[in-house]
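Student: Reproduced below are the annotations present in TrEMBL:
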DOMAIN    C:70-259  domain 'ABC transmembrane type-1'
TRANSMEM  C:6-25  transmembrane segment
TRANSMEM  C:72-99  transmembrane segment
TRANSMEM  C:119-143  transmembrane segment
TRANSMEM  C:191-216  transmembrane segment
TRANSMEM  C:236-255  transmembrane segment
């Protein structure tokens, strides 16, 4: 099998503890990621699932190098980017894109939809940036008049589409999606997931998809890693993990999901 | 069996003649029963609970319809009498445990408030009752927790405190407004279980507001499905989740992700269904005049 | 909306008066005539034609001095306000965006600056620099930049934590590029609102300095100088005090209301 | 620690600024035609013949020992002069603060209880105006209205000369109250009313605006809704649940604004010929009285820093989150 696009080995991250601020000396550090090893294979979708405090968003920000890991190695396409500085990263930036959880905060309120999607292409001097941007917007079903609108004039689902279009603009080789449907209504969530699914198929994207919702992960992802308190408790092909969870925590997570079938006994199950 | 709560033709709007947030809502909840209110954001599901408790935001008011609680029409009661009745017999479990406790007051006082100030209990008896309740929601050191400020306890603990406070005065009806939306699934399950147990033990009726079809399915015998402030489907869960739902209810269920049948879940709501609902709402608005 | 137009209208009027002062003013603002001292305004008994708002104790025309005073007021407002805005915003942006020791140094300087009573500091600076319009402008800029720096620093800090800054990092924009495209456009409205407020403050500070006789030579028509003069004549010729006070009142009100109106105008884009 | 650094910075800046002054204070002190020898002698007496860093260190050394030097124009000990005037200014500033808090809180509570009604618009309009007009202009307006048009209040001085009591401290208002010397108290308040109100109005608007805004935000929070559902009336909800939380963000701002108010006493005292620090300060600047200027500015800085310290302590006392550790 070909070399994976992203290779994480014993990845660690410790941040200064903001709650404990001693009078003298450096603040003690808390380990948020405790030695994670996994791969993201080319053309595959990796699900990263966990509850709050599991470190899943922090891990995401390390993968696109918004944060610098404090230990282990992170390889992208064979290159060690664990501690790469801004200059060294520059080469890879256009290949490592991200879709944010909260589009209201991740879309600059003063820029139009077109400008938001165009900006990355202009930065890299892509020819016909405007036409290309309109094309990408078309792909996320925001054609025509949407280009001229501003984020506050859009619905939550539409904003998230803009976020997706912006991430697609540079035709990156890797996209990180961080809880991108958690703030949306179920009907909108269904549309966004369907859209993402189609894009993955059509454009052969490599994706890491962070979510707290096992059901969504099950639908979208080929492989999954289950995170708890900064450690991987289980990893493997999604179908297998769901069919027969090896770790009790995975089983507990799965059992806690209320499926939309009436079942009075569910509450009293252990 | 007569209903504990019966809402008849409730209309709520922003200002006089402004847009309607609830459109002719009718429903009834029997004593000890659990009724679910589901819908997407903007469907007006929280508004119903706020209208019952009389805590609608400024500028939003009941325009017509009746809210019969134990035979009395709440909308017709004088303000003071209504506040007293609601204070004694109806309680709310709010959504966000972070903002639902006053950060400047100790937890104990926030549980006993209602007992001391509305029911006129003496402080000692109220504190004993609060300790008892905290024990019921599986908080191990009630004395210590009552002395603590909200920021000193965990999020899950805060939600338990809020549940204890809701049951403190043995209300006949509890309105739970998305009480588990901010929680992780494992914690959600514990909290739902806790609410269910307390409700059964105290014989309280529960109006459970949520956007999650899964939670309703597990918790409620009957439910109302809302769209744009209008009840589009109402009845036993067995029917709505079973053979004969309204097309919109069916669509919401189909849109809900499920790990056991991934291919059949996450179905977008058909545009035809939405169009039909919008036409219905528009037609209803044409006929409606501000009473 | 109404207040934006009202305030803007008054400021426009002031601007016209300032630019065309020599042509509009009915009299020479400096001409003294002891036979015409303390003439009442035109609606009162005993007035002289051509002296619409009366004269002061040296027989100088109040209206003409008021119109020429608008010049000095606006020059100070624009230059001092602009300079304070420039210094304060740049330092605030630097502190908020760079963080680290830059932030600590600038923050400490702001702390020190804020520990001076501003009016006393201004009087002190002008006393040191020597009276004159330029010292007034320098003094105001040197003192009031902190008003900008404090607010802009906080705002920049808040902006830097937004996800759209992270998203600009992800597409590979440089730090300077992010400052220019993501941060500054979102901070600019605040700067404009503060600038409008600051211009009102500058007008007042100039008046205060003239009042304690430190601005420019006491012959020159300044509103503060007129107020100082009027304060001594308050029982004999109250109009000498009232006219510049009213002008000052409306100008300060107009600047602040213009700022507030501007904020409302710009705000909806954000929400 | 940071306090000391800030104070040191203030002292340094004042020192440098003053030493840049072109005017020669010694020349101003002597009659015209004094010879060079006299000037040199005087200069040496005030230590002005040494280098600027040396002068700074000497002055700093004095300050640490509590010696602020001798005023050049008044030929008195700076420390004594300043302490003599401080009570008048403190009483004025604190009276203004009390007025501002009273007006501001009342307006905020009215604006919140009657929100989205005409009363709220009226409160907003009044705030907008009082906020933008500074103390200097308010002072002038009051002098004109209540000193000349309807002469209800005296417009200069701190107390009627006939009543000037021979008290042990300079805190005349406080001491007259303690001695139950109510005629003196009344006369003092009569004199202080206009300057205090001029200082208070802008601050009252800040308090009203910020407190109203944070009350409005708090009144939307779940715990307030919960309190309403418990059966409390709107007023009870506001005072029991909302006010204390809304006061916290207001408090920090009031601290900063109170330092502006203290700064404002400089010009307002001048305007009302009120015998406090501010009046002394302006005279000192005009007379180039270097030691006196330094002393006064340093005292103002201490007042500012003390204000911030008190606000921090009050904040911690009111906010349970900061109470432990």
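Glycine is treated like the rest: Cβ placed from N, Cα and C.
Caution: TrEMBL annotation is automatic and unverified by curators.
In terms of burial and nearby residues, how do these features look in this structure?
Tutor: For the transmembrane segment (C:6-25), the residues of the chain that approach it from at least six positions outside its boundaries are 61, 63-64, 67-68, 70-71, 73-75, 250-251, 253-255, 257-258, 261, judged by C-beta separation under 8 angstroms.
If one looks beyond the transmembrane segment (C:72-99) by at least 6 residues along the same chain, the residues whose Cβ comes under 8 Å of a Cβ in the stretch are 14-15, 18, 106-107, 133, 136-138, 140-141, 143-157, 159-160, 175, 179, 183-184, 187, 191, 194-195, 198-203, 205-207, 216, 220-223, 251, 255.
Here the transmembrane segment (C:191-216) has Cβ contacts under 8 Å with residues 72-73, 76-78, 80-82, 84-85, 89, 118-119, 122-123, 126-127, 131-133, 136, 139-140, 144, 147-148, 151-152, 222-225, 227-228, 231, 244, 248, 251-256, 258-260, 262-263, 266 of the same chain, all six or more residues outside its ends.
Counting residues 6+ beyond its ends, the transmembrane segment (C:236-255) has Cβ neighbours under 8 Å at 6-8, 10-11, 14, 38, 40-41, 53-54, 56-57, 62-63, 66, 69-70, 73, 77, 196-197, 199-201, 203-204, 207, 223-224, 226-227, 229-230 in the same chain.
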Student: Take the transmembrane segment (C:119-143) and find every residue of the same chain, 6 or more past its ends, with a Cβ under 8 Å from one of its Cβ atoms.
Tutor: 72, 75-76, 79-81, 83-84, 87, 113, 201-202, 205-206, 208-209, 212, 214-217
